[in-house]
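Copied over from TrEMBL, here are the features:
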COMPBIAS  1-14  compositional bias 'Basic and acidic residues'
DOMAIN    26-76  domain 'Pre-mRNA processing factor 4 (PRP4)-like'
REGION    1-25  region 'Disordered'
REPEAT    202-244  repeat 'WD'
REPEAT    249-290  repeat 'WD'
REPEAT    291-332  repeat 'WD'
REPEAT    333-374  repeat 'WD'
REPEAT    416-445  repeat 'WD'
REPEAT    446-480  repeat 'WD'
């Protein structure tokens, strides 16, 4: 509908008569624009365009002494876009030359890793046997079903809740982050006993530590992030007192809840309560990228095993998948009704798990997210009765969980890979749960914490689980 001169409701020339239906815009996008302009909801549940137009008419007629002026709207058919909608569009800002070089480096390394991963998956697909796979899964689940509390450790000198725990790549060290502002290191022996071997020096974090991640290749380097907005990278050299090898003071304007190393080890990402996430070149101690795109505090993040993508989740319950090679947001994960507190990729490269305050853990399939018409999760696990604080896929290799399995004729014995076959979740309901990663069923619930479990991780050999929480303890779980 074209209207070069749209009448004014309650125009004096109308002798004070109330607005008639002829004065109200007929195009739905124009009706929405008028409702938005006057602070009214642009749509109500179950409301269609005719009902919406009637609501606008009632709104103006109920205010006989208010002069409503419907703004002129240029004729543009169904493709008309309001200024508010324009503001919601993605925008791009020029990046530095260092960022361009980093993207090229990430592209090269991620392509190599993707080729190796897909080649391995093709080989496994050619040799696939359903009987072997079923026996393999049942064997792993039977072992996980026997896990129970193995040990409880109290950190010497710790005075507050332990918020984060991570196992390093060679399975020898466990890092713990505490709300007292310190990082603690534990060493594991062959009997799963933990011995405290290090503690961060005083004053490097002035507020609580909530973020930890180990370097992917240098297994003595661990990064920590604090609520004061700084990042420290510590090197364990068998000294009792840890000193940072690298310090990024004021890395963020808000609390840093999660960190994630890039698989190359050259880059580090952090999320922040300032509604952004950042990418750092730790070899140059340089900020490469500050990425906006979330409407609330960004809490969770996880690097894709190839290094090509990063997933982030905010406290509005929205997740995003970003392509580090181009800087684009390639998928929006909508489904959680409360904040996302943890995310992790499976080693298969296409399954992504997200843990939320809505008590669920959702599994997303990257292959389906490429379809613009299918943004729903692959599976929603009703995981816990309270907030899910952590989700971790098993990503180890050469695990002793594997055993020889045979086909339906009890022949052709082979050993199948165990990586990515299960995941662990922790929750404020005081439990840690283990889940099969093919049918997403609960295979074991671990009880032993006296209060909220704030974090968990899986040993790189799959033989133990480690957890920490509000009760200021670090617990290990294994088959005894």
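Yeah, the Cβs are placed from backbone N, Cα and C, and that goes for glycine too.
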Out of 202-244, 249-290, 291-332, 333-374, what stretch is closest in contact terms to the repeat 'WD' (416-445), meaning most Cβ pairs under 8 angstroms?
333-374
Looking only at the repeat 'WD' (446-480), how are its residues distributed among DSSP helix, strand and coil?
0 helix, 21 strand, 14 coil
Same chain, outside the repeat 'WD' (333-374) by at least 6, Cβ under 8 Å from its Cβ: which residues?
114, 117-118, 121, 258, 296-297, 299-306, 309, 311-321, 380-393, 395, 419-420, 423, 425, 427, 435, 437, 440
PLDDT averaged over every residue in the repeat 'WD' (416-445):
97
